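Engineer: Input: one structure, supplied below.
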């Protein structure tokens with residue numbers, strides 16, 4: 001036995017053996033580096049620190065840790081800055097707010113406000129954001145270009161500005177989508193040297209027929225009015241719920257759910273009636289007797305002699321709910337055996353072989369002894 005223990009001890013002390021988890025070398029990241037001290041091996045709970053090159057923005061954790069032979073969380077990313085040259089600004093007739101026309105670097109997630117040269121109109125928005133090396137520069141439209149004829153139309157949308165026979169280059173018209181339709185794109189179109197810029201699109205809403213809801217035993221949550229059809233704007237949601245006494249057929253404990261309109265309405269689930277089967281009660285029975293019960297139905301439990309209802313709620317009544325019978329009906333043994341003797345004490349009353357649930361007995365200590 002001693003020899004075996006010595007062998008294990010020697011093995012554990014051997015330089016090549018380690019009982020700790022090890023992680024592979026941490027991954028390098030583009031446009032950044034690991035700045036913590038490099039190690040020959042990385043053991044459990046070792047940490048590594050990352051830093052991005054100047055001008056780059058760290059997205060994610062600065063530190064990662066060796067856990068269970070893996071690095072957690074995942075290494076960060078260095079977001080690329082955006083570069084704007086003098087030539088880009090001049091080609092688009094732009095300058096940065098404050099009459100600045102010099103080349104510059106903008107860190108990711110930072111924004112710049114632009115203006116157009118004199119004689120040009122800027123297509124809003126004027127503030128643009130750098131997103132990991134990309135910035136969508138605004139467009140400047142010449143006020144001295146060709147005129148435009150009648151404006152374009154957009155389906156299920158209306159023009160809200162006054163109509164004219166001809167529109168000067170640089171002028172604009174505004175659109176508004178009709179009721180229930182959602183706008184995609186800018187609400188303005190500009191006359192650009194005889195051509196209109198892109199007009200917005202009015203996206204179709206999703207329609208839910210009232211008859212479909214009725215057939216599925218569903219209603220709109222907290223609905224005040226009850227129109228024949230329910231319209232949900234593109235990109236919006238509506239919360240539906242099963243009617244009272246019903247739950248989702250796919251999930252018997254859930255009655256409310258959300259439907260999202262994303263161009264096409266998903267299939268409306270079906271609600272089914274809440275029912276409870278006749279309970280099986282050992283050592284007891286119930287009234288009224290039926291095969292199927294519905295949500296909110298009550299039954300009264302009657303336990304056999306020597307048994308008692310648990311939990312004893314006084315009324316001995318249980319209710320049919322979406323989660324079944326509440327509380328679950330059960331009749332438990334109400335008899336207790338003869339109590340065990342207590343040293344240096346006697347039971348005051350005459351002892352019996354069995355006692356009913358809730359009955360009490362009293363002990364009396366012998367002379368010279370006290371209850372503790």
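The backbone N, Cα and C atoms fix where each Cβ goes, glycine too.
According to TrEMBL, the protein has these features:
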type	residues	note
SIGNAL	1-19	signal peptide
DOMAIN	21-80	domain 'Sushi'
DISULFID	23-66	disulfide bond
DOMAIN	146-204	domain 'Sushi'
DISULFID	148-191	disulfide bond
DOMAIN	274-333	domain 'Sushi'
DOMAIN	334-372	domain 'Sushi'
Engineer: In whole Å, note down how far the CA of residue 191 (disulfide bond) lies from the CA of residue 66 (disulfide bond).
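Structural biologist: A Cα-Cα distance of 59 Å.
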Engineer: Mean pLDDT, the domain 'Sushi' (21-80)?
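Structural biologist: Average per-residue pLDDT within the domain 'Sushi' (21-80): 95.
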Engineer: Of the residues in the domain 'Sushi' (274-333), how many are helix, strand and coil by DSSP?
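Structural biologist: Secondary-structure breakdown of the domain 'Sushi' (274-333): 0 helix, 30 strand, 30 coil.
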Engineer: Mind telling me which of the disulfide-bonded residues 23, 66, 148, 191 has the densest Cβ neighbourhood, counting other Cβ atoms within 10 Å?
Structural biologist: 191
Engineer: Going by DSSP, is residue 66 (disulfide bond) part of a helix, a strand, or coil?
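Structural biologist: Where residue 66 (disulfide bond) sits, the three-state DSSP reduction gives strand.
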Engineer: What does the structure give for the C-alpha distance between residue 191 (disulfide bond) and residue 23 (disulfide bond)? Integer Å is fine.
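Structural biologist: Between the alpha carbons of residue 191 (disulfide bond) and residue 23 (disulfide bond) there are 61 Å.
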Engineer: Fill in the CA-CA distance, residue 23 (disulfide bond) to residue 148 (disulfide bond), as an integer in Å.
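Structural biologist: Taking the Cα atoms only, residue 23 (disulfide bond) lies 67 Å from residue 148 (disulfide bond).
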Engineer: Tally of helix, strand and coil residues over the domain 'Sushi' (21-80) according to DSSP?
Structural biologist: 0 helix, 27 strand, 33 coil
Engineer: Treating G and I as helix alongside H, and B as strand alongside E, what does DSSP give for the domain 'Sushi' (334-372) in helix, strand and coil?
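Structural biologist: Per-class counts: 0 helix, 12 strand, 27 coil.
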Engineer: Three states by DSSP: which one describes residue 191 (disulfide bond)?
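Structural biologist: Going by the DSSP assignment, residue 191 (disulfide bond) falls within a strand, counted as strand.
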